[in-house]
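Shown next, in structure tokens, is the structure this report addresses.
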Amino acid sequence: MAWRQLKKRAQDAMVILGGGGLLFASYLTATGDEHFYAELLMPSLQRLLDPETAHRLAVRFTSLGLLPRTTFQDSDMLEVRVLGHKFRNPVGIAAGFDKHGEAVDGLYKMGFGFVEIGSVTPEPQEGNPRPRVFRLPEDQAIINRYGFNSHGLSVVEHRLRARQQTQARLTEDGLPLGINLGKNKTSVDAASDYAEGVRVLGPLADYLVVNVSSPNTAGLRSLQGKAELRRLLTKVLQERDALKVAHKPAVLVKIAPDLTAQDKEDIASVVRELGIDGLIVTNSTVSRPASLQGALRSEPGGLSGKPLRDLSTQTIREMYALTQGRVPIVGVGGVSSGQDALEKIRAGASLVQLYTALTYRGPPVVGGVKRELEALLKEQGFARVTDAIGADHRR
């Protein structure tokens, strides 16, 4: 009898402890505890789910508003005015997370100062065969070869038009929307693909991105060559200028980190010559640093995350110098902390983006980056984030 009572009490205790643990974990999930997400929840999810399934679920949960809202309140010192718009804070989500414009509002609630969707291609396409996304947890990195999988312009246009008035209010409130454009795999005239993207989605964007730097579409990076780039961007600008909208979107070009010195000079020359509004620096890299530890490090595709950080920052530094600081730069590649963000800003970026860090640290990383950035700005004597833009070039 005594044994049965003891066993029953033990079972009751386990239920109470288990239920309490579940409630506590639920509380930490809902409140967006940074350490809980980075050290327990995200690693556990990665053990359970393959990378692409995890990505799809993350987009779905974000679209349904099932992820924690940010608790960080943006201060005035984080505000940036660039590309013809106010940005409440300089930390955005890079293209690649919300490829089809399904989760825009949820991403703003996560605390991002701007959202960039895409890449969007004119016609729907499946992209490359699976598996096409690979984690390198030892390196805090991802290799992907998605290959511009896209729902196509028509579907994305319909999706964005349904929330057009909502976006207009968000933009006015300092939360702009960017749309990243790509070309179809089988297209023979890339310029026509990008021009069509401008015609269809330009009226719905605060800025457009001409993505000529993905390593996962054959021949795409050749569009970064001087003559090809000039021809392409001339056509894109003509289409943008012809849009019948009150506020025409800015046009930015997203470039690769794997460029020669001559490539960078040529891009800077064309951008300045044509009056391109900005650069996004950089896309993922095809290089594989010797420091990589992940078992899947040799998989083909673009490498993003921590191993890209310094290469991206150096490319920002060079492009800022080549454009004399007159072309706004969005810095992306390996941002997972306020220190990473500030290094890119000091190198010349007006805004920064992250993505891979979100897969390893979860939604709380957004508030963490902003909080750390604000503290570092104060520590280094900057009254506003805009005072830090290009600071390394003024030493």
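Each residue, glycine too, has its Cβ placed from N, Cα and C.
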Same-site residue for FMN (record: Swiss-Prot; known: A95, G96, F97, D98, K99, S119, N180, N211, K254, G305, G334, Y355, T356; options: T70, T71, T282): T282
Annotated transmembrane segment segment (source Swiss-Prot; candidates 11-30, 31-50): 11-30
Residue, out of the binding-site residues R145, K254, whose Cβ gathers the largest set of other Cβ atoms within 10 Å: K254
Number of other Cβ atoms within 10 Å of the Cβ of G305 (FMN binding site) across all protein chains: 25
Those binding-site residues, out of R145, G147, N180, K254, N283, Y355, that come within 10 angstroms of S214 (active site, nucleophile) at the Cα: R145, G147, K254, N283
Local backbone state of K254 (FMN binding site), from DSSP in three classes: strand
Local confidence of the topological domain 'Mitochondrial matrix' (1-10) - pLDDT mean: 52
Among the FMN-binding set A95, G96, F97, D98, K99, S119, N180, N211, K254, T282, G305, G334, Y355, T356, as the record gives it, the longest Cα-Cα distance in Å: 19
